[in-house]
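What TrEMBL says about this protein:
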type: COMPBIAS; residues: 185-198; note: compositional bias 'Basic and acidic residues'
type: DOMAIN; residues: 118-174; note: domain '3-oxo-5-alpha-steroid 4-dehydrogenase C-terminal'
type: DOMAIN; residues: 201-285; note: domain '3-oxo-5-alpha-steroid 4-dehydrogenase C-terminal'
type: REGION; residues: 174-198; note: region 'Disordered'
type: TRANSMEM; residues: 46-66; note: transmembrane segment
type: TRANSMEM; residues: 107-129; note: transmembrane segment
type: TRANSMEM; residues: 141-160; note: transmembrane segment
type: TRANSMEM; residues: 231-249; note: transmembrane segment
Amino acid sequence: IAFYVLNAVGGLLAIVSFTVQTLDSAPYGRHYSAEKAWGPQIPQRLGHILSDFPTGFVLFLLVFLLSRSLPNQAPNITLAACWLAHYLHRGLLHPLITSYSDKTSPLGITLGGLFPNALFSFLNAWFLASADYEDSYVADPRFIIGLFIFFIGFVVNRWADWKVKRLRDNHKTSMMSGPTSEDIVDAKEKKKEGEGDEKRRIATRKHYVVPHGGLFDYVACPNYLGEMTEWLGFAVACWSLPSLVWWLFGCSTFVPRSKDNLDWYRNTFGDDYPRERRALIPFLF
């Protein structure tokens, strides 16, 4: 009974998360606002690690190892390894090497991610520790196709992170070297739009640029597309209730956040941002 109750709680969290983020963007990154900040500011790297690594990696690993009630089975270990690989990168390696647009983030964002991450890490580890997959399940189409989808999503997510890091590093270098003649001409032209708009654009472009290349030519958030694909593949390979609810919870952020990001790019960069780009899914959404 507890298993299904916790999954129901997870489903409710997905609904609440989608509703809240559809009504108003969570105040971090490009959507940060001092007027609606969720608590005091902490270093963004620290907040990211605290939100993801202790729950997504450490808690999951402990629950999986301590709850094992069956002999080691290849499907269980493989799926657990997929989860751990994601969170080793997402919760530790990525925060340590990435270039953040802002050095700090609200403490409330970190705390807000702890409970859902802990709940879903516990549920999926608990399930994988006790799921009685047959050895033949490694040849099951669900397992094979699911792992393939997970791998594609993993690669897309990593590529998007790497691309954003390069863009930010290159942009910081160009800002340090000063404006080019093209920048000066561009700024003079944009003065016609109004002094307030020009100041806002200049301030914004110190931190952000319009990404180009690969999936960035089709969607505003290929990193979200990659992670959404990852967890869809994981859900197919696991064929379990916790993995499905976890995917839905992820979508409750990916869908509204990607739309907000697309709107932000269009409002900030105007005609400099390609109008044909979608938010999350190429050509569709």
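Every residue gets a Cβ built from N, Cα and C, even glycine.
Mean pLDDT for the domain '3-oxo-5-alpha-steroid 4-dehydrogenase C-terminal' (201-285) in the predicted structure: 92. Per DSSP, the domain '3-oxo-5-alpha-steroid 4-dehydrogenase C-terminal' (201-285) is made up of 58 helix, 2 strand, 25 coil. Under DSSP, the residues of the domain '3-oxo-5-alpha-steroid 4-dehydrogenase C-terminal' (118-174) split into helix, strand and coil as follows: 52 helix, 0 strand, 5 coil.
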